[in-house]
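Reviewing the structure listed below.
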Ligand code: TTP
Ligand code: MG
């Protein structure tokens with residue numbers, strides 16, 4: 001079956017967060033980075049890009065190109081905070097997420113509750129805008145390479161689907177510098193022998209690919225033909241795993257909350273079993289109507305990934321809570337992991 005892969009990437013991420021937090025910066029050329037004369041640009045708003053400013057450019061050069069720009073230092077902990085919120089939204093769409101950087105990830109939604117890439121993309125975009133106040137670009141395709149190409153297609157605030165039928169029309173006229181995996185040096189070397197566009201690369205014999213791209217030669221050969229079988233790799237070093245949901249309307253009913261807890265426990269259990277992981281600490285989280293977070297944890301004496309253990313622990317926690325105001329969000333998390341490879345081996 002053909003996969004549905006999404007690539008998501010926040011627009012002008014650090015600069016957009018600065019504009020979000022300070023309305024005086026909105027609509028203006030904002031440059032984020034080391035503010036000393038030796039510093040470099042981390043990123044800049046799209047208003048500043050018009051002047052030719054870009055990431056990794058020395059600050060003094062940016063100042064020359066855009067003297068009336070607003071220069072602000074980076075606030076990493078704030079970007080991390082917003083990034084976590086974005087990833088919470090993504091995790092609500094699928095468990096199969098590969099974070100690439102603070103503002104970028106691949107998602108495999110083939111077996112998620114969404115079976116349509118465009119619907120999932122619109123859902124993500126509208127939640128990120130409504131709940132965080134920022135725009136994100138989303139690319140949709142049947143592999144990672146094309147999904148990434150698509151997310152970049154009409155940035156900022158972009159959305160783009162690349163279908164099988166669009167290959168090779170969409171790829172042929174592309175500049176080779178647009179191909180993820182072809183580095184700056186290779187671009188220069190290929191330009192020197194008269195190769196500027198993907199259509200020029202199509203004519204190049206396969207053994208020359210190895211000469212120019214080394215061990216990645218075959219991959220590049222495939223990619224520009226729309227072939228890429230790389231899987232979306234979940235981050236296996238996670239310290240916790242959870243699900244949470246903002247309710248469509250606030251509730252005080254423990255029964256209603258237990259319904260969500262029941263679903264989350266099943267999903268978490270299935271996921272842990274699939275990855276062969278067990279945890280020991282179970283956390284129930286809820287947010288009241290006035291946005292106050294409550295977290296209650298319980299650590300078991302044994303490691304588990306069973307639905308019943310997760311559900312029952314949360315149920316016990318919830319029974320002890322005094323819920324007399326509306327709850328707007330509920331979540332379940334499991335942590336303190338132990339890999340259970342040994343137990344699995346003993347099964348055979
Ligand atoms: P990017 O996603 O590459 O850039 P961006 O989000 O600012 O802009 P775009 O709309 O083109 O996606 O990187 C994400 C963040 O990482 C960026 O906001 C700042 C940081 N960053 C650096 O600090 N240095 C760099 O050289 C780059 C490329 C990014
Ligand atoms: Mg970005």
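A Cβ is built for glycine as well, from the same backbone N, Cα and C atoms used for every other residue.
Its Cβ placed at the centre, residue 104 (active site) has 19 other Cβ atoms within 10 Å. What TrEMBL records for 104 is active site.
Taking a C-beta cut-off of under 8 Å and a sequence gap of six or more, residue 9 (Mg(2+) binding site) has these contacts in its own chain: 103, 104, 136, 137, 151, 152, 155. Residue 9 (Mg(2+) binding site) falls within a strand when secondary structure is assigned with DSSP. Look at TrEMBL and you will find 9, 103 tagged as Mg(2+) binding site.
As annotated by TrEMBL, domain 'UmuC' applies to 5-183.
The site 'Substrate discrimination' annotation in TrEMBL covers 14. Counting only residues at least six positions away in the same chain, the Cβ atoms of 32, 42, 43, 74, 79 sit under 8 Å from the Cβ of residue 14 (site 'Substrate discrimination').
Mean predicted confidence for the domain 'UmuC' (5-183): the pLDDT average there is 95. With a CB cut-off of under 6 A applied against ligand 2, the recorded positions 9, 14, 103 are reduced to 9, 103.
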